[in-house]
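Shown next, in structure tokens, is the structure this report addresses.
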Amino acid sequence: MAVLDADIRSGKVDSVRIEAVARLITYNPVRHIPVGDYVQRLSKQIFHLLHHKGSQLDGLLKYIASCIILQFCERDIKSAEEHFLVKLLKPLWRCVQLPADPLVNVVVKEVELTTCIEDLHQIFAVSVNPLSRKYTKLLFRYCHCLCNMFFFLLRGKSYLKSKVKILINNILRNASDEEALSLLHAISFSNNKHCEVYITKVSFANGEEGGIAAIQKMEEEFPDEIVRYHAILDILSELQNKNLNRSYILLVLKEFCSFHLESKDNVMDPENVKAGILFNALLQELSEWNVDIGEALMSNITEVIDILMTLLESICNCSTEATFYEKTLWVVLMILNSILESDDQLTYADWHALKLCLPSLKLLQESDIDMDLKEIIFSIIIHIATHGTVCKDDEELTRDNPPDVRAILNSSDQNLLELVEQFQRQCTLSSQSVISKSPLMMESSESCSSSSSHTHSEKDVPKYLEDSSNNSNESSRIPKPGEFVSRKLDSGYISSMRDIKTSLVHIKGHGIIALNKLLKARDEETLENKVTVMHTLGKCLEDEDSYVYLHAITGLSELATIDPVLVVPYILNQYQSCEEKHLILKFGEIVLKMCNSLGQDLLFKYQELLLHACLVGTKRDDPQIRSSSLSNLGQACMCLKFNIFGHWLQEILICVLSFLNDPDLEVRRCAVMVIYLLLKGVGKDMLEMLDKEIKTIYTQLKIVYNGETDDVLRQHSQLALEEINAIMLNMLTQRTSMTKEIHILQ
């Protein structure tokens, strides 16, 4: 303490001096006391410093404690583990072990787990001691547990979220690329076959004091598991390690290939179905990642092509349902397309390897798959066969002058022309065509048994053949060679609208994203068709896939800023008239975004329609809809700058006050928050505008504050009461202001 006295008086940290003192403390100064006893006695004092609270010197004392622990790790790791690390990591250790008593719901209490995270953050993140980076490896085995904790914290608000994230970043940043990749494998797939990582055996729950507790393992829902992939990619982006990004993308492709090969014979197994959905979610997140996927694929081009060939051959030989191999085929085509976008970097050997995929692509081209997939396969075949010659000069291609595919193809690839012509003939088939088993299925079944032959029923007839009877004029037209390649020349609006009308989620979502970009760029053709765009995006809200409806919400809110006269009444009418819960919540999200983007002046024009729509939503039976409508009501009042007069203010107050006794907690929280926002917005005009209601409001808020047990609800009511007190205090105690004037005489 004598050495550190200057630091304690000044409150500043001299890291060199503290590290020197910590190094001295690790030596046993008393010879007659065994080293073990010395460390045991010292550990109690060190943990006291580490957990010290209520002093201005907390930061300094915690830093001293962390330096001593790190110095013990450097001097004698076994002694440090026995007296420090075991106690520090005990809550995490219990999270990665099967609970001893399955009847006890809470495995690790909130105070224990929260203290553990704070201590680890202090030692391995806050400390500037170089040893903290060296011994971050002690947390490697608990990385899966920390990541699961972080994924849970992402769903709410907690002060621990940033601390856990910093710990994860430090673990990955201080690991080698190979170690980091093995950790990412364990985190992504909950599999420790590549590294000795402990797999989490518990779930997490919010604590009463803002922390988290570990509880018995519960089955996670798909949205919760899908969150992990977005979070993993965010963490990777912050690391800014290109080599690690490339390795991770290749790892995901290898795992997807292995999963496909292992599960193709038992696709309908519930575990395989779930794993397939999660793989699709991960690949979807990768496709939207802000990292150059093409560059990552090109850096491992040989391995990527081998994986694609394996997947294509497996798809061609499989005898399972069309939905399974079509989803896998989409992934393969997406990767091929990313590679071909960087065709200027492909070598002759790469082109030769890609041509090995052509037989499988040709076989798939002749099978009964979605028409959109056929078009994509067709363009990829032409691109590979011509080494990108057809696609390099797309600006010069027109529908009237399509490329001469026969002249472009090499002599060894002339047989592809037959495929082109055959594909064009398939496009002219009508719904009266008799569809037998697809070539893909036929070859698979014949290889297994010559006696097993089946035909498709009417419901198995591809959709594009059913629709062709309604478009006999179009189906009778024979497409010109290269017409599908020239589709790239379509305008952005036409291309995006065509993608939106497909049944494939990936293409549909990509089309909506492209349409949103056109709206932001104020594309003339898109704005000319804004009515069609509005109804198309409204239809996309009915889709259950978040990749579709989230971008549709963004598109409609953007369109509302472009033409509020057209869009705002449409959105508000749909918001109050539709009956499906998921649609009401989606339109509510659009209303929220619309209020923030339009501003007070434009929004004031639609004040009555907006407030009426929100009030109608509060009368719904579903508590989630009621709480959402109350939140929108509060946001609308804020965006209107509380310029609400006449009967609307009384209606809002009567409505909100009635929900203070609602049986649902979230609804009561929203109601009190709306009251607080109203009081804050009205301000000094409170007595004038709320003359008859202010007594009722104050009484109800007092009842809520004194009678409720929920901390959030009590805090909201306290804020509202303090706002009333502040307004009354300013009105009753008029402050006299003194001014001093200085006159300069000329």
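Cβ coordinates come from backbone N, Cα and C, glycine included.
TrEMBL: automatically predicted annotations, no manual curation.
Under the heading domain 'TANGO6 HEAT repeat', TrEMBL lists 9-219.
The annotation compositional bias 'Low complexity' is assigned in TrEMBL to 445-454.
Taken from TrEMBL, the feature region 'Disordered' covers 445-483.
Sequence annotations record features per position, and here TrEMBL assigns compositional bias 'Basic and acidic residues' to 455-466.
Per TrEMBL, domain 'RNA polymerase II assembly factor Rtp1 C-terminal' is recorded for 496-600 (among others). Mean pLDDT for the domain 'RNA polymerase II assembly factor Rtp1 C-terminal' (496-600) in the predicted structure: 86.
Annotation comment: TrEMBL describes 694-726 (among others) as domain 'RNA polymerase II assembly factor Rtp1 C-terminal'.
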Long-range environment of the domain 'RNA polymerase II assembly factor Rtp1 C-terminal' (694-726) - Cβ separation under 8 angstroms, sequence gap at least 6:
208, 653, 657, 660, 665, 668-669, 672-673, 675-676, 679-680, 686-687
Count the residues of the domain 'RNA polymerase II assembly factor Rtp1 C-terminal' (496-600) that DSSP assigns to helix (H, G, I), to strand (E, B) and to coil, and report the three numbers in that order.
88 helix, 0 strand, 17 coil
